[in-house]
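Trainee: Annotations for this protein, taken from TrEMBL, read as follows:
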type: DOMAIN; residues: 21-391; note: domain 'Glycoside hydrolase family 42 N-terminal'
type: BINDING; residues: C122, C165, C167, C170; note: Zn(2+) binding site
type: ACT_SITE; residues: E157; note: active site, proton donor
type: ACT_SITE; residues: E316; note: active site, nucleophile
type: DOMAIN; residues: 404-613; note: domain 'Beta-galactosidase trimerisation'
Amino acid sequence: MSHPEPAPAPAGLRRLAFGGDYNPEQWPEEVWHEDARLMREAGVTMVSVGIFSWALLEPDPGRYDFGWLDRLLDLLHVNGVRADLGTPTVVPPAWFYRAHPEALPVGKDGVRYAFGARGAICHSSTAYREAAAGITEQLARRYANHPALAMWHVHNEYGVPVSACYCDSCAAHFRRWLTARHGSADAVNEAWGTAFWGQRYRSLDEIEPPRTAPTVGNPAQQLDYARFADATMRENFTAERDILHRLSPGIPVTTNFMTALSQCESVDYWAWGREVDLVTNDHYLITDGRRTHVNLAMAADLTRSVAGGAPWLLLEHSTSGVNWQPRNPAKRPGEMARNSLAHIARGSEGAMFFQWRQSRRGAEKFHSAMVPHAGTDSRVWREVSALGADLGLLEGVRGTRTVADVAMLWDWQSWWAQSLDWRPSEDHDARERADTFYASLYDHHLTVDFAHPDADLSAYPLVVVPALYLATEETGRNLRRYVERGGTLVVSYFSGIVDADDAVHPGPYPGALRDVLGLTVEEFSPLLAGGTVRLTTPEGAPQGPGLTGDVWSDVIVPRGAETCWSYADGVPAGRPAITRNRLGEGTAWYISTRLSGPDLDAVLDRALADARIAPRTSLARDVEAVRRTGESGSYLFLINHTGTAAEVPLETPGTELLTGERAGKECTVPAGAVRVVRLDG
Ligand code: GAL
């Protein structure tokens, strides 16, 4: 990934970013002065403004009202708060849709969405593109030299709530995109396998978006449509970005991602990460009873990886509960600080929130904020102010990089392909595998980088592949090279099956990965709902615990790989279940059933031993230790998610920055607290 060094930072910001989305247009101007005072009190350094303000900035077509935004930016400036200024292109005004109803997107079922919420955009609409370029240009011309301007925030969360439009303009645009990708109708017929079910096209003009059809639509068509929709949004982002670069040089341009795998599925962030000047992310805890801090760590690691390992910025999270989940618990005392500092440990250059002041009206009035409905005599406000003060003590962390131990392969396009219909089992879920493997690595206290399947993996002693259904021949060669040169690879089932067109690789499964794994799979044998299979270590092999898998089994033919566990029952009884292939200087493991918790840990322990990664047994479960390092020093973040104090041994003594105390052989982290040790030397 080609990122300039050092990564661009918000202009003029000398501290970690701390603040939130600020929507003063919802409040009378007297309140703005109160806001500015409170921002100073809480140590706010930057706010995101104007994200949803198009209708106010351009009240009538071509008539602009910038007065309020001028006053606001001036007020922020005199109060030392920098502005992450939005281009408001996620919500065009009502008058725009009156003139251009075709710019409202159409669902798969042919129904056009209505105005009245947000993000109702057909990204192929010429009228929308022109209008978005127009307002962006106006803002850039007016504010490029404003002293409060720190960075540009284009649009808001591309991909949600509408990720693809199925209208006729999109159909025409899709045909142009197909021409660029495939060249001709014949090439599309080949790539999509239209010989199946008589779907052959004589010309590209006959092709439509994959709208609602009587039964399962062509999978390759759907996969290409997902790519097209993503690329179309990216065209609109880069169009705005280029205007800003031209008219406002030197000011970084971003758009807020949602890399958490549950929150935006339709955007290929590997591609987007290359287009923004600074990667920024929004993250909300999914409070469904699972360990939310593990999901948070995963999202932060994924965001850093999308940024090529460079620092990035958490642009939104919540001070307490959100309002869009079925049940929205308040955060527990200390949780907000743990969340914020966990993001920073994993590479964020600050912690920003949605939003500064809790709204009284509108769809998000029950969403927490930095200034809650309860006002400043509240736990949330006290914790916000305390966090602002703490971040002031961590300035040295800026510009340092998080140190990762291992890598996990992840590819959005493979995920899209695997999620299509009529797969061998609906119980296999790529994201679940990624979550489960990540949780096991987290519980081993390993920091994970995510990597694109074709990335250079040579820096990592261990690479895990939890679900890579779509893998090209090139990926197969990359993984083979990695192992031959000494890497340890762990691959989970249903990986390496199809190419970029969702066509099964010729020959036995797993086509792209047969060589590296030293085996073939004769047949998949998914289990019935709730079914399990038992695994035992065969005689003559190193003995290990009995394991239980579910969801999946494979009928494996070893072709060089040794069997470490075999099936004790099920269709493949007596045959290999978990294998290990020595290749060149390295080792490739294959796990052909779904393992979780201690069963997965048992296999990963063996792979970690191959990779010569020593277990970090001195850390308690749910005590997170993550290091950032750079020119200003090395910083060890210790985050205690448990209800008991933790004693963490230190290899090097240092100074704990939040308390100012010296830390010698160990650092005590009180229950629920965070400590950041600047290590000596
Ligand atoms: C984000 C969005 C914000 C706000 C927030 C609420 O996805 O960018 O505008 O809606 O969610 O959690």
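Heads up, residue numbers simply count up from 1 along the chain you see.
Glycine is no exception: its Cβ is also placed from the backbone N, Cα and C atoms.
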Trainee: Over all shown protein chains, what is the count of other CB atoms within 10 A of the CB belonging to C165 (Zn(2+) binding site)?
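Mentor: Excluding its own Cβ, C165 (Zn(2+) binding site) sees 26 Cβ atoms within 10 Å.
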Trainee: Just to verify: the residue among C122, C170 with the fewest other Cβ atoms within 10 Å, which of the binding-site residues is it?
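Mentor: Across C122, C170, these binding-site residues, the one with fewest Cβ atoms within 10 Å is C170.
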Trainee: Are there any residues in the same chain, six or more apart in sequence, whose C-beta is under 8 angstroms from the C-beta of the residue listed as 'active site, nucleophile', and if so which?
Mentor: G20, D21, N256, D282, H283, Y284, M352, F353, F354
Trainee: Give me the non-local Cβ neighbours of C167 (Zn(2+) binding site): same chain, 6+ apart in sequence, Cβ-Cβ under 8 Å, ordered along the sequence.
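Mentor: Set apart from C167 (Zn(2+) binding site) by at least 6 residues yet with Cβ under 8 Å, we have E102, P105, V106, R112, C122, S124.
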Trainee: Can you list which of these binding-site residues (C122, C165, C167, C170) have a Cβ closer than 6 Å to ligand 1?
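Mentor: Listed by sequence, the hits amount to none.
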Trainee: Excluding near sequence neighbours, so keeping only residues 6 or more apart in the same chain, what lies with its CB under 8 A of E157 (active site, proton donor)?
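Mentor: When sequence neighbours closer than 6 are ignored, E157 (active site, proton donor) has V90, G119, T255, N256, F257, M258, C264, D282 within Cβ distance under 8 Å.
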Trainee: Taking DSSP as the reference, which of helix, strand or coil describes the residue listed as 'active site, nucleophile'?
Mentor: strand
Trainee: DSSP on C167 (Zn(2+) binding site), three-state: which is it?
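Mentor: C167 (Zn(2+) binding site) sits in coil per DSSP, no helix or strand.
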Trainee: Show, in sequence order, which residues other than C122, C165, C167, C170 on the same chain lie with their Cβ within 8 Å of the centre of the Cβ atoms of the Zn(2+) site.
Mentor: P105, V106, H123, S124, S125, A164, Y166, D168, S169, H173
Trainee: In this predicted model, what is the average pLDDT of the domain 'Glycoside hydrolase family 42 N-terminal' (21-391)?
Mentor: 97
